[in-house]
Amino acid sequence: MKDLLKFLKAQTKTEEFDSIKIGLASPDMIRSWSFGEVKKPETINYRTFKPERDGLFCARIFGPVKDYECLCGKYKRLKHRGVICEKCGVEVTQTKVRRERMGHIELASPTAHIWFLKSLPSRIGLLLDMTLRDIERVLYFESYVVIEPGMTNLERSQMLSEEQYLDALEEWGDEFDAKMGAEAILALLRAIDLEGEVRTMREELDQTNSETKRKKTTKRLKLMEAFLQSGNKPEWMIMTVLPVLPPDLRPLVPLDGGRFATSDLNDLYRRVINRNNRLKRLLDLAAPDIIVRNEKRMLQESVDALLDNGRRGRAITGSNKRPLKSLADMIKGKQGRFRQNLLGKRVDYSGRSVITVGPTLRLHQCGLPKKMALELFKPFIYGKLESRGLATTIKAAKKMVEREEAVVWDILDEVIREHPVLLNRAPTLHRLGIQAFEPTLIEGKAIQLHPLVCAAYNADFDGDQMAVHVPLTLEAQLEARALMMSTNNILSPASGEPIIVPSQDVVLGLYYMTRARINAKGEGMVLSGPKEAEKVYRAGLADLHARVKVRITEYLRQEDGSLRAHTEMKNTTVGRAILSLILPKGMEYALIDEPKVLTAAEQADLDANPQNWIKSVSNKALGKKLISRLLNTCYRKQGLKDTVIFADQLMYTGFHYAALSGASVGIDDMVIPDAKKDIIAAAEAEVAEIQDQFLSGLVTAGERYNKVIDIWASANERVSKAMMENLSKERNVNSLGEEEEQASFNSIFMMADSGARGSAAQIRQLAGMRGLMAKPDGSIIETPIVANFREGLNVLQYFISTHGARKGLADTALKTANSGYLTRRLVDVAQDMVITEDDCGTTEGLWMTPLIEGGDVVEPLRERVLGRVVADDVIKPGTEDEVLVARNTLLDEQLCDLLERNSVDRVKVRSAITCETDFGNCAHCYGRDLARGHLVNKGEAVGVIAAQSIGEPGTQLTMRTFHIGGAASRAAAESSIQVKNTGSIKLQNAKFVHNSDDKLVITSRSTELTIMDEMGRTKESHKLPYGSVLEVKDGQAVNAGETVANWDPHTHPIITEVAGRLHFEHMIDGVTITRQTDELTGLSSIVVLDVNERPSAGKEMRPTVKLVDLNGKDVMIPGTDVAAQYFLPGKAIVNLEDGANVGVGDAVARIPQESGGTKDITGGLPRVADLFEARQPKEPAILAEISGTISFGKETKGKRRLVITPTDGGDVYEEMIPKWRNLNVFEGEKVEKGEVLADGPESAHDILRLRGISPVANYIANEVQDVYRLQGVKINDKHIEVIVRQMLRKCEILSAGDTDLIEGEQVEVARVKIANRKLVAEGKTPATFRHILMGITKASLSTESFISAASFQETTRVLTEAAVGGKRDELRGLKENVIVGRLIPAGTGFAYHHGRINQRAAAARAVGVPQVTADEAQQNLADLLNAAGSFDEE
């Protein structure tokens, strides 16, 4: 019998499926699921609590209420399994079948399924080519629709009102057929001939020219084809049978006092059954039409409410005035089935408690309270007690544990040993929010946490709580130990920098012990080694900071990896020598004590007086940055184990010496500079002066405000500078009797200087002045707070302060929610991005160059290419073919050094965006796994890691939109370029002419001036505006600080390209121009009138300046046959007279430029969200659609017609541009495709369309990085690239070729590529397409997997679309697999999935049998059960 049961269990296994298909259910299908028809609205008998027969909880239909017991009690026990009771008709089986057996309701009149009717675009409407309004009028019995026109002049699906219908009846009798209600729609849907329609529509598409018609036809065509391919029939969108959910999924629970708690679904079903039964009765009675009609409409409404309450009309409410929860509400939203139960499950074996510091723990340990451990590990303890024979049964073991006998604790110790537990702190923003530790038992009730992992958890000990989870199975323990142990997560997956970095006390302790103090006790000693230094210090003979000579033995790593000892005397301090004791072998001493770089004079002094060696001791102490670098170097050189031990040792040492340092903060530590009074008095005087100027009308209110704020901002700077100088330096006499300067030992200064806590800005508020405050709207209050916290604030100052503080709190709350939502969208778009193969073999890639803004290198090349794979051989600069790095090599630290030594400044690297893998990404295109430091493994979920890396720092980004102005970002209008580096000038995309002084005048808009060093590396780059005058030539050498270019920032010149005499055309005084004379200088100038200021005679005229030679003939622009003529736009100013002579490079006219004004720059989180959502900016830059020559056509009201004539003689391109846009181009100028014509924020869509994939990737990556860099957050570019790849997943079909795609359709690129490969192999025409950029929300919703999309947002819409198209979900991504309850196809599950797929394929090949379908399995099971029943009888 047991074997049979096992066999049965094996039979019902349905895990073996490869994909899930969703479709429309036909009435027959619904009947086949059902175990009987629900005929009555009754639920259960309120006295006996037994379900009513034929009701919503009927036991005959849905199964027994108690295990193996029929309702009337005739058959009980297991032996009657499978018997159907003659009396009550209930099958004797397990009660859990009530969770899976469905019923059905036969509807007396067909009803439309609201999802296919109302979910836009209405599927029924599309198929019938009727508007939703019309269909609703038919469905809700307001008008008739013609179904069969017969021999009349009516059309099929024509609407008829009541009167029209009666007239038609009189005229034609029963020649035609017209109905109302769902029956009519059902008949229309049945009559559709899909194949015929598809044929006619494809022909229509080929013939039509109108865009709107094309779009509409394409939509219909896609829908029809979906129906054809999926095997759905259109009439199934109208329901004639309604399925009934199994009763245990809509429970009814008796409460005490004779009341019941029930699921809303029961109410909705009751309503449907009541109306349906009433309708049946009315139809039997042949009631009047109007009554039947009303009943049918009510039935339709109740079915609507059951499926999706509130979708149409007012939602049906329950007794508590709340809308009832319908079937659709059950699955959608945060509380729906997908997000609440399938994606987020609660787990057993977990506990939570407050955390405290565990300064004595090792990095892989955590302290677990005994009580907690005992509870969590109970099953293991029971097992151990039994196997040891200490307890005979589980029950006895349980008693022992409850009594907490002594032996139980010993066993708990054994059980816990080497059994890791997971610690998690909410919110888990990235994968380091859950890590594994080995528990050690502690007294008390709080969990102890190692201080170094706090950064990863973002935890502090002010009452944070953490949860503990126990991995149960051996595999889970193994994964926890090998992958999640805190010692295996030293590097951050976001940037590849160490995340196990000491902070606060530890940093302060290490900083304190590595400081040097002048004339400390024991200065000038000579010691035999670090051990002796420690002895001397412990004995109190020398101070920790004393400058001494110590014999240090370093172990240096050789080329072959072996260690070589090297001993020498070092001038250092006692503390640094002691610290060197914990330095791992193989790391040089210079890492903790950088030798001081001596000037020539100091070196000479030292040679002359050797006793002055004290002065050569470096005065640099270990700060936070240096410690981080120390750990990073250790990881790269020494590997994981040494780093972990070293980090722990650093922590213990740091805590120890921080305690000994006795650093504390007293009020006297906040030293207020003496100069403060004078500085503030001077600022007040300046402000008073400006106020006077304002009152006498010399400056405007706006200028006054800005100047006042400038004055106070600079005063604040001066005060804080004075204060820091005062705080940070002190002078002392050394042992040689000379005075030396040293860094101060002021506690506050040490904390800030070491990076332990606080910053210069905070010290400024304590001891300088608080400075300017902002109002909640972001504008700056012009009276600053001149007091600091040491002096104390008065009431007014305190009140001003609260403004900013309150805004900060409100911002933070909003920010957290926004940031979480951004992370959720990112995870959703990238969740199926997994490394699926080793190398896709592509030669494509992105060009990487150092990021340079003005004169500063923001990000050097090495940081951008470290950990990437080279796409092409890197050639040594200056040679033709000497290969430095071969293609497909992973660039590690050594290779990056090699590139730097050879001054390479562009490298083509492989990128996720250019990867050719169909699904997922390949390891070579991704490069290094940042958290592990080697090439990424197959199965790594790089998409989720990317999303977490971008989302996790989201809460640190600001929410503000920055106003330019105030002290936020004051940049005076630039008017010249001063170079910061020495090097040679190089001009890029320059067009220029030489003027009369033989200086270059720039005549193009995209000119860049770069400074190259002698190795040919770019040091800085500047944009040169049109009309700037260069002081230098291309290729000339310049020195740092030289001014190389000048221009007038307030006007925009028009530059001549040839010499000649001026000739004015259409320049008529009072019509197109007006003359103005400057009162001060007496010079007159001509100002061109704007079109709308001219009289009607001058509207069409175009004022022009022509250049003519002495004979009055037009002068041509060299190398072209275009006459040199310059059209003058409105407001242009001409300072020359008609007939004046001009040279090359002179300005014939100037156009005044309004200064930028206060445009808001969107910053922070909103900016990142805008970029990833690929939103169109408000006024985007206008880019040239084709390459060619610019000219202007006829103007219209408010718009200019811009014409580009292509150089290769193709079609002319025209665009209407609003007049107020500042154009960057003039008539006759040549532009390249994708060049900026009118300034503004560039739109990512335009960049992709006109410049291609690589530029759009660079644009998004750089813009996102700008936001993060401002906050000092480091994120690797490749994470952003992974997201961009997902945004570029879709393409638009341009021509279909021999595929069955439709032009203009949006399809996954991978699909098209696969189809094209097949076509090319068969020698047919492939489809052509162009990439499109989708925002992350849209991309998530349009993924191939409908399960993933439905669990993200807009569940109804996604499921409706998927059902109509009969979509199949291949379960490729992570989300789908979590939802169906499988291992995810990433990480350790990657191999499992591949094995499974291969196994199934092999099995199918071996047997050659088709897979068993679900129905067959069901049948087999039924046969077996019946057979089982017959065994028992014997």
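Note that Cβ sites are derived from N, Cα and C of the backbone, with glycine treated the same way.
Residues Cys915, Cys922, Cys925 are recorded by Swiss-Prot as Zn(2+) 2 binders, and the candidate that the same record lists for that site, out of Cys840, Cys896, is Cys840. The least crowded of the binding-site residues Cys70, Cys925, judged by other CB atoms within 10 A of its own CB, is Cys70.
Each residue contributes its Cα atom, and for Cys925 (Zn(2+) 2 binding site) and Asp462 (Mg(2+) binding site) those atoms are 44 Å apart. When the binding-site residues Asp460, Asp464, Cys840, Cys915, Cys922 are ranked by how far their Cα is from the Cα of Cys70 (Zn(2+) 1 binding site), Asp464 comes first. The most crowded of the binding-site residues listed here (Cys72, Cys840, Cys915) is Cys915, judged by how many other CB atoms sit within 10 Å of its own CB. Cys925 (Zn(2+) 2 binding site) falls within a helical segment according to DSSP.
Note: the Cα of Cys85 (Zn(2+) 1 binding site) and the Cα of Asp464 (Mg(2+) binding site) are spaced 60 Å from each other. Counting in whole angstrom, Asp464 (Mg(2+) binding site) lies 57 from Cys72 (Zn(2+) 1 binding site) by their C-alpha atoms. Considering only the binding-site residues Cys85, Cys88, Cys922, the Cβ with the fewest other Cβ atoms within 10 Å is that of Cys88.
You'll find the Cα of Asp462 (Mg(2+) binding site) roughly 62 Å from the Cα of Cys72 (Zn(2+) 1 binding site). The sparsest Cβ neighbourhood within 10 Å, among the listed binding-site residues (Asp460, Asp462, Asp464), is found at Asp462. Ranked by Cα separation from Cys915 (Zn(2+) 2 binding site), the binding-site residues Cys72, Cys88, Asp460 are led by Asp460.
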